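> Pasting in a structure now, in structure tokens, and then I'll have a few things to ask.
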Amino acid sequence: MTDKLIIFDTTLRDGEQSPGASMTKDEKLRIARQLERLKVDVIEAGFAASSNGDFEAVQAIANTIRDSTICSLSRANDRDISRAAEALKGANNARIHTFIATSALHMEKKLRMTPEQVLEQARLSVRFARNLVADVEFSPEDGYRSDVDYLCRVLEAVIDEGATTINVPDTVGYAVPELYGHFIKTLRERVPNSDKAIWSVHCHNDLGMAVANSLAGVMIGGARQVECTINGLGERAGNCSLEEIVMAVKTRKDYFNLEMNIDPLHIVAASRMVSQTTGFVVQPNKAVVGANAFAHASGIHQDGMLKARETYEIMRAEDVGWSASKMVLGKLSGRNAFKQRLQDLGVALESEADINTAFARFKELADRKSEIFDEDILALVSDESITHHDQEQYGFVSLAQHSETGERPHAVVVFTVAGKEIRGESDGNGPVDASLKAIETHVKSGAEMVLYSVNAISGSTESQGEVTVRLQNNGRVVNGVGADPDIVVASAKAYLSALNKLQSKADRVAAQG
């Protein structure tokens, strides 16, 4: 009999913890829809008790997504658990994921609790959560570095209280595959009631082994749930990569012999959406979703590919959503063709007004660029002004700049602040510097730019440039993304996008009080 492997995606929760990767409610909802198309089993939508913004995002996703289980993280206390349950009320299938640290280091230095106090807190929190929802996951934070005897006692107690999934995290990415696999196996063998719960793995990539450790937890340890993120997004070195786990299990079914619900045809679209939403560019040689993942430059390899694809390809690019023959749109393309392409790409805009706004932007772009590729469309709809233009504090209107060799560039930027048009102008070390300084003449954000990067969306000189700007202010870090055939305009859009996110974060912090 073939076992099922549950795919638990935490892009919207653990992935978002990567500095600068914070997402708006609308962005999270758009990604959640794509995860549902991908047929992810469980979507961890956020940490409902952490902020009003996170609560609203979890609530919106729970009210919208019908096929996937929707999960909220919570600490092991009644307030967090109650908040999670409230946010999940509209879900078809709801899960509360509660956690508390169990390693000696964390208990002593962070929690300042005794092992017995932690055990009791874990037990009571799972009992409380089970009174609110039928599906409860428990995680012993820093589980891999916990004492095995003590950890077995904790896990036995929470299963007795009704935990349906036991997730054992390698919180700091310290594990190596064989040892981690046997660690999971030992726990399952020594916890008397282990058969009453599904066992899960959650691995971080600090030593580059998150995927290998997760697969070892499955094959050696007997885990049947893997927690992962699109593109391996996550704090520090990231998390276990969903696309790599899925395609490893599918490609080597002869070895793993596991079934999954996942539809891999939507993997590339999910990867692009997360990358363009967060501004975290996928490296070209990234397995499965990198631009070079299916490219062959060696003459010997190319010759073999022409004779028989299987000589150098172990999986087909089109099986994960790479399109062999792309439909290219242009200025003569109509609204229906545009709407169909959005659907094919897994983009679901909430209203006809949003579609109309997106189509108007598409036509503007088509007047400047003869061919519109999928990447252009995804960049266009990832602009938050499409879906919540009424909520923007700052909006781009126009830009003019003058620069000559040997002269200091000058820029004039017209933008809106709370709906009112403002004209800023400034000199700078270059056209981009002048444009951003022109914005700051009125905004005076006090933010520090910690990252500025430019990426060509497609391969030609006619390509749009996609600019990512990362700003830091008072401990808050945000990414803004802007796209335009003019790199200077794209930079101004990205800067205003980042300022909007800084403002949104400040509002959420103020609301929390």
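Glycine is treated like the rest: Cβ placed from N, Cα and C.
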> Among N52, N63, N231, N239, which residue does Swiss-Prot name as a further Mn(2+) binder in the site formed by D14, H202, H204?
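Matched candidate out of N52, N63, N231, N239, per Swiss-Prot for Mn(2+) with D14, H202, H204: N239.
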> Which has the fewest other Cβ atoms within 10 Å: H202, H204, the binding-site residues listed?
H204
> Taking the Cβ of N239 (Mn(2+) binding site) as reference, which residues of that chain separated by at least 6 in sequence fall under 8 Å from it?
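Listed in sequence order: T10, D14, G15, H202, C203, H204, N205, A210, E227, C228, T229, G232, L233.
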> Tally of helix, strand and coil residues over the region 'Regulatory domain' (395-513) according to DSSP?
39 helix, 51 strand, 29 coil
